[in-house]
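Residues or ranges marked as domain 'Urease' by Swiss-Prot: 131-570. The annotation Ni(2+) 1 binding site is assigned in Swiss-Prot to His136, His138, Lys219, Asp362 on the grounds of sequence analysis. The annotation N6-carboxylysine is assigned in Swiss-Prot to Lys219. Summarising the annotation, Swiss-Prot assigns Ni(2+) 2 binding site to Lys219, His248, His274. Residues annotated as substrate binding site in Swiss-Prot, with sequence analysis given as evidence: His221. Marked as active site, proton donor by Swiss-Prot on the basis of sequence analysis: His322.
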Amino acid sequence: MAVTLPRPAYAGMFGPTTGDKVRLADTELFIEIERDFTLYGEEVKFGGGKVIRDGMGQGQASKAEGAADTIITNAVIIDHWGIVKADVGLRDGRIIGIGKAGNPDVQPGIDLIIGPGTEIIAGEGRILTAGGFDSHIHFICPQQIEEALASGMTTMLGGGTGPATGTFATTCTPGPWHIARMIEASDGFAMNLGFAGKGNASRSEGLVEQIEAGACALKLHEDWGTTPAAIDCCLSVADDHDIQVMIHTDTLNESGFVEDTIRAFKGRTIHAFHTEGAGGGHAPDIMKVAGLPNVLPSSTNPTRPFTVNTLDEHLDMLMVCHHLDPSIAEDLAFAESRIRKETIAAEDILHDLGALSMMSSDSQAMGRIGEVITRTWQTADKMKRQRGPLPEDKSNNDNFRVRRYIAKYTINPAITHGVSRHIGSIEPGKLADLVLWTPAFFGVKPDLVIKGGMIAYAMMGDPNASIPTPQPVHGRPMFGSFGGARTGTSLTFTSKTALAHGLAQKLKISRKLVPVENTRGNLRKTSLILNGAMPHIEIDPETYVVKADGMVLTCEPARSLPMAQRYFLF
């Protein structure tokens, strides 16, 4: 006999469905479920007296006959392509489908088969997102990786060799020997990793050898001398080997101004770090490059969003990170030239317009590794409060804005760095790097972080308790973070050139090396999803006032933020 459930009762049992709305943490962002893949009355749920039992929601199919390894049931998916409710199937560490799970022997419309060998993760009332990608990493200490994983990041790309002076300031792993050792160290972590070589050179030989050694990108940094000659040389080498170039431009304008740097690009594709400029770059107008078709711009999280405390914390941060001495007037002037409230305020709005395309951390080098996701949603919330709904959000929800902002730390860095075939979104065929959230803690503290199909990090109670939930409940590494599981569920990104030179055979590594691809000529800002706007940006050199297509971009600093102290009492 059919039974009609009231919406609250249905949501309590199976999670929200089409037309229901969910608040994200304590923000003013509300999503609405656009589609539910289930068949009402055929929902699957695990537990005593529930559906997923032998002969009911669980069939007899073996893995060889098509059963999934894992099914995440009834999850609300937030991704760049939409906001839906569905079951998600995982197999051999990858996503095999998004749809309706169950037993096709007795249920109609089954896309994903539950068999005796299928594990279940309950997604009812929870939100599922793709694992985050932080593309601005200073590999200063290995402990960063657990911190990133705990926040919901599953891919880290950058450079460094540990707490060396060069690494404190620049995201470079310089030279073949260092690159090889860092790739070998990757086996010890449940995290996709990629390493950038040093790109500052005026001759190509020193750059090519780093690519052959395994660098998946090259980084141009002003502390090593980002001159027009170095920019031109680095981009030429990158074009030859299909890798991305990241740039931190010349704050002091010693070797040229922003216009000279743009000329050195010669229209070639480049990833511009901390494009606002507080993290470094031509003062005061580096942000002009965010309007160019060949520049893929990102932010780092200390300036995200603009608050009453942003300016004060930046000066000391900058002095430490760039090996400056506050007693030297020139060093102090260098630091102060980079910190401008006008451009930081404009950065908020350019993100909301989709003109700044990515978020990242700048880990321990003017950025916080564990706060990329939180700062992204704080920025989105601040813009909702100050600017109101986006024009695209006409249905009394924030779906478009939410899709725009999630793309900034998932699919867009994956596209930029040539790995979107493997990661960056919840789509069939991609690595099962997934994060499950309780809506009240969305963007702050994940329930589960799934790495390559295996739970690698989770909120967990007292291990000596009789049940999993007694206090203290906090994030802890799970089995996916140990032993050989780490190498079987994570990737190291490198170059096609390195693999052609036998890198896998040369190094003592167990995990798979995957080449980056499609990072050059055909990759333009319009390739970046929901974040490809290219306004004409002007910055007054005297007042620092920012205009986009003639409109002054300014907003007030926030005095308080969501996703902050109420979530971090201990």
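Note that Cβ sites are derived from N, Cα and C of the backbone, with glycine treated the same way.
Overlay of Swiss-Prot feature records on the structure.
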residue: His136; record: Ni(2+) 1 binding site; DSSP (3 states): strand
residue: Lys219; record: Ni(2+) 1 binding site; DSSP (3 states): strand
residue: His248; record: Ni(2+) 2 binding site; DSSP (3 states): strand
residue: His274; record: Ni(2+) 2 binding site; DSSP (3 states): coil
residue: Asp362; record: Ni(2+) 1 binding site; DSSP (3 states): coil
Local Cβ density at His138 (Ni(2+) 1 binding site) - other Cβ atoms counted within 10 Å = 26
To the nearest whole angstrom, state the Cα distance for the pair His136 (Ni(2+) 1 binding site) and His248 (Ni(2+) 2 binding site).
-> 11
What is the interatomic distance between the Cα atoms of the residue listed as 'substrate binding site' and His274 (Ni(2+) 2 binding site), given in whole Å?
-> 12
Listed binding-site residues (His248, His274), ranked by Cβ neighbours within 10 Å, top entry | His274
Whose Cβ, among the binding-site residues His136, Lys219, His221, has more other Cβ atoms within 10 Å than any of the rest?
-> His136
Using a 10 Å cut-off, grab the number of neighbouring Cβ atoms around the Cβ of Asp362 (Ni(2+) 1 binding site), all chains included.
-> 29
Please report how many Å separate the Cα atom of His248 (Ni(2+) 2 binding site) from that of Asp362 (Ni(2+) 1 binding site), as a whole number.
-> 11
If you measure between the CA atoms of Asp362 (Ni(2+) 1 binding site) and His274 (Ni(2+) 2 binding site) and round to the nearest Å, you get 9
Near the Ni(2+) 2 site, what residues other than Lys219, His248, His274 in the same chain have a C-beta no further than 8 Å from the centroid of the listed C-beta atoms?
-> His136, Thr170, Thr171, Leu220, His221, Glu222, Met246, Ile247, Thr249, Ala272, Phe273, Gly279, Gly280, Gly281
Taking only the Cα atoms, work out how far Lys219 (Ni(2+) 1 binding site) lies from His274 (Ni(2+) 2 binding site), in Å, as a whole number.
-> 13
How big is the Cα-to-Cα gap, in Å, between His138 (Ni(2+) 1 binding site) and His274 (Ni(2+) 2 binding site)?
-> 14
Ni(2+) 1 site, defined by His136, His138, Lys219, Asp362: further same-chain residues with Cβ within 8 Å of the Cβ centre = Ile137, Gly158, Gly159, Thr170, Thr171, Met246, His248, Phe273, Thr300, Ser360, Ser361, Ser363, Ala365, Gly367
